[in-house]
């Protein structure tokens, strides 16, 4: 073994071997034919560099977005070379990356949910930008742009963030009734998805204070506290995101933190003099060419469209709520927000409807 190691070091130190900048040596590659003949590929002396946006790229639900990516050689190698481009999405739980698309020249293939929505923009000589149309809530996250030129392989990461709102959600049957998979479903039912940590942190920085623990997209359970108090971790802890860490996705039960983005349509209010039951409310929305609004749609209309209504209305999950942008007398607390009457089994109220534009 010492003799073999010494021989290897001598070969690497010889002038006929050219070190690649990342520490690999590849000018002598076996041809895999089993005939003992080596295929020789000499390092060209140029370094491949891949760069994406250092700042997050912001978009919203239903929009089109471009994730910039460019590559270059140092020094420049002249005419454009035939390279392979691969885009992938990093998962929140850091498991295997999700393939988005691959391209060689003008030939490309998109995968999974990105089929028909993604393509490579190569408007300039060394561009490899990814264009995503009809952005969806689950598109939020980090993307890797990878450029492969023969044996050289470099990549960089860009962060796509959707402009949206995080809201806590409890089902009609009460607090801490949802395992992870049920939490995913109730968020989808409300026109939203489970929030990730970055989204919850952003909501906390904007003022969200909620003492009930809820699931996040990575399977952890956390909650945001602005005003430390005894039931919420204690008065001596600093404000921040309290974490229970990863929980068992089937056995443990908590609430959910859902994330919704800007709307493609509008939320409006309907009422009758005597109010409506839930079934009457659903029918009234249908008669108006709409559907009864979901909780995520009401939150989005409140935040992004300035919906302000001091009248309670039914929503699709059977809850009764109303959005307040400008706090005033007889309209709840002194802070803006979406007020909730819970899930009344009786009563007659107005209704919030949603209609696509």
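Glycine residues also receive a Cβ, built from the backbone N, Cα and C atoms like all the rest.
Computed from a predicted structure; not experimentally measured.
Annotation comment: TrEMBL describes 1-15 as signal peptide.
The domain 'Ig-like' annotation in TrEMBL covers 46-158. Residue counts of the domain 'Ig-like' (46-158) by helix, strand and coil are 6 helix, 60 strand, 47 coil (DSSP-based).
According to TrEMBL, the domain 'Link' annotation covers 165-260 (among others).
If you look up TrEMBL, you'll see 211-232 (among others) marked as disulfide bond. Here residue 232 (disulfide bond) comes close to 211, 223, 225, 242: these same-chain residues lie at least six apart in sequence, with C-beta atoms under 8 angstroms from its C-beta.
Under the heading domain 'Link', TrEMBL lists 266-355 (among others). When pLDDT is averaged over the domain 'Link' (266-355), the result is 97.
Sequence annotations record features per position, and here TrEMBL assigns disulfide bond to 310-331 (among others). Take the CB of residue 310 (disulfide bond) and look out to 10 A: across all protein chains shown you find 15 other CB atoms.
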Measuring CB to CB from residue 331 (disulfide bond), give everything in the same chain under 8 Å that is also at least six residues away in sequence. 310, 322, 324, 339
Taking DSSP helix as H, G and I and strand as E and B, the domain 'Link' (266-355) has 20 helix, 26 strand, 44 coil
